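Written out below as structure tokens is the structure these notes cover.
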Amino acid sequence: MANLGYWLLALFVATWTDVGLCKKRPKPGGWNTGGSRYPGQGNPGGNRYPPQGGGTWGQPHGGGWGQPHGGGWGQPHGGGWGQPHGGGWGQGGGTHSQWNKPSKPKTNMKHVAGAAAAGAVVGGLGGYMLGSAMSRPMIHFGNDWEDRYYRENMYRYPNQVYYRPVDQYNNQNNFVHDCVNITIKQHTVTTTTKGENFTETDVKMMERVVEQMCVTQYQKESQAYYDGRRSSAVLFSSPPMILLISFLIFLIVG
């Protein structure tokens with residue numbers, strides 16, 4: 001972690017030094033760079049001709065009549081007629097490029113809504129996330145009939161749970177209670193729409209199965225949450241990071 005902080009400090013100092021050198025470099029060119037090299041030089045013989053930089057009348061930078069930078073008539077920077085910056089008719093930038101320009105296709109909101117629904121199923125559940133698939137636990141219900149029924153029907157029960165981030169709950173019980181309710185509700189609704197119904201025995205077994213999976217999900221999310229907080233605390237308390245932050249404050253204040 002300390003090595004990472006040193007590398008960040010070195011990278012920032014190198015970047016800041018390069019920016020400072022770029023600011024000190026003189027801008028290329030000088031007076032009268034680009035275009036005609038003799039702006040005030042007219043054609044011998046009076047004022048019959050305007051100042052020229054090469055080419056015929058009306059050519060500030062060469063080309064045919066009306067060509068500021070070369071090309072055919074009406075070509076500011078070369079190309080065909082009506083081409084501000086080259087290309088075919090009606091191409092390039094400027095207002096002329098809008099002629100005969102095809103209109104942008106309108107976004108089909110039905111397609112957008114369908115894509116959102118297909119790619120973010122949990123988005124409509126108010127911030128719930130879908131956990132990774134788990135193996136359904138082997139549970140004993142107290143009698144042989146229920147144990148056999150569970151083994152024969154366990155594939156019909158959820159193997160993923162819905163949950164919210166652990167930092168939104170005060171304790172594990174609240175997390176598990178919410179997780180069980182939303183998971184069974186969503187699974188029941190989804191399965192019912194496919195023409196399959198659950199009995200009271202199914203619901204009883206699902207509650208036991210989902211409860212164990214929600215406990216496992218809570219333990220996993222809690223560990224990841226606290227590991228992330230600890231890593232952030234170690235990073236920002238390391239000497240290189242403190243030095244980097246102090247250097248940034250010095251640059252801002254100075």
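Positions of Cβ are set from backbone N, Cα and C atoms, glycine also.
According to Swiss-Prot, the protein carries these features:
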| type | residues | note |
| --- | --- | --- |
| SIGNAL | 1-22 | signal peptide |
| REGION | 23-231 | region 'Interaction with GRB2, ERI3 and SYN1' |
| REGION | 25-107 | region 'Disordered' |
| REGION | 51-91 | region '5 X 8 AA tandem repeats of P-H-G-G-G-W-G-Q' |
| REPEAT | 51-59 | repeat '1' |
| COMPBIAS | 52-95 | compositional bias 'Gly residues' |
| REPEAT | 68-75 | repeat '3' |
| BINDING | H69, G70, G71 | Cu(2+) 2 binding site |
| REPEAT | 84-91 | repeat '5' |
| DISULFID | C179-C214 | disulfide bond |
| CARBOHYD | N181 | N-linked glycosylation site |
| CARBOHYD | N197 | N-linked glycosylation site |
Using DSSP and three states only, what is N181 (N-linked glycosylation site)?
helix
Around the Cβ of N197 (N-linked glycosylation site), other Cβ atoms found within 10 Å total 8
Give, as a single whole number between 0 and 100, the mean pLDDT over the repeat '5' (84-91).
46
Taking only the recorded positions C179, N181, C214, which one has a CA atom nearest to the CA atom of N197 (N-linked glycosylation site)?
N181
Residues near C214 (disulfide bond) in space but at least six apart in sequence (CB under 8 A):
V161, Y163, F175, V176, C179, V180, T183
For N181 (N-linked glycosylation site), which residues of its chain lie six or more apart in sequence with Cβ-Cβ distance below 8 Å?
none
For a quick check of packing: other C-beta atoms within 10 Å of the C-beta of C179 (disulfide bond), how many?
24
